[in-house]
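Copied over from TrEMBL, here are the features:
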- 38-56: transmembrane segment (TRANSMEM)
- 68-88: transmembrane segment (TRANSMEM)
- 75-201: domain 'VanZ-like' (DOMAIN)
- 127-150: transmembrane segment (TRANSMEM)
- 157-176: transmembrane segment (TRANSMEM)
- 182-200: transmembrane segment (TRANSMEM)
Amino acid sequence: MNREMLLLEPIYQWLEQLLDGRINHFPLIRLLMNSIDHALIFFIGWLGVWSISLLFRKYHKQKIDWKLESYLHLFIFYLLVLLNITIFRQSSIFNLMRISPRPLQDIYWIPFVDSVKLFTHGSLFAAYYNVFGNIIWFMPMGLFCGILLKEKSHYKLSFWAGLSISLIIEISQWLFSTGVTHIDDVICNALGSVLGYWCYKKYQERKRRLEL
């Protein structure tokens, strides 16, 4: 059952009327907006917690890097959207109290077998989204590794960050029956995180050359 949008429903209804009949995969747009909608609610809660920590730091006269704080907020919001679009897509976090794991035979253990089938005998849209969508969704992970950790960041860290978050998502999808657990997703997610970090490094190199 799809969750109701609490904040973005009017915008979605407007888009639905505007784009009616023009887009074949409109449910994907609803899924994205639904995920952003629920992420915004949790993000407001995060801002409340952050505000308390900010007052505490100001009281102790700690220096605050506002640029870094802004990037941290973007990263938190990105994570919230990512978790909502993967784990909580059909239910709220409160519905996940009931553990109902899927059968182990429902897990796609062998890499790229299902993806190849989608490209050759299935929907091309589903095939491209399954591969490139999973890569693109995790590119911000690598970008934020570079932005937030700066000189402490490296390719291995971005790989392990992407791999770890992806495994948490896939295990949660299996454990709570909220999605399909797929080894291809883990591989593409880790690759996306590394590509995101590569983009960050290339941007930094170009920035340094322009400053010379």
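A Cβ is built for glycine as well, from the same backbone N, Cα and C atoms used for every other residue.
Of the candidate ranges 38-56, 157-176, 182-200, 182-200 contributes the most Cβ pairs within a distance under 8 Å of the transmembrane segment (127-150). The list of residues near the transmembrane segment (157-176) in space but at least 6 beyond its ends in sequence, with Cβ under 8 angstroms from a Cβ of it, reads 79, 82-83, 86-87, 96, 98-102, 106-107, 138, 141-142, 145-146, 149, 182, 185-186, 189-194, 196-197.
Using DSSP to sort the residues of the domain 'VanZ-like' (75-201) gives these counts of helix, strand and coil: 99 helix, 2 strand, 26 coil. Mean pLDDT for the domain 'VanZ-like' (75-201) in the predicted structure: 90.
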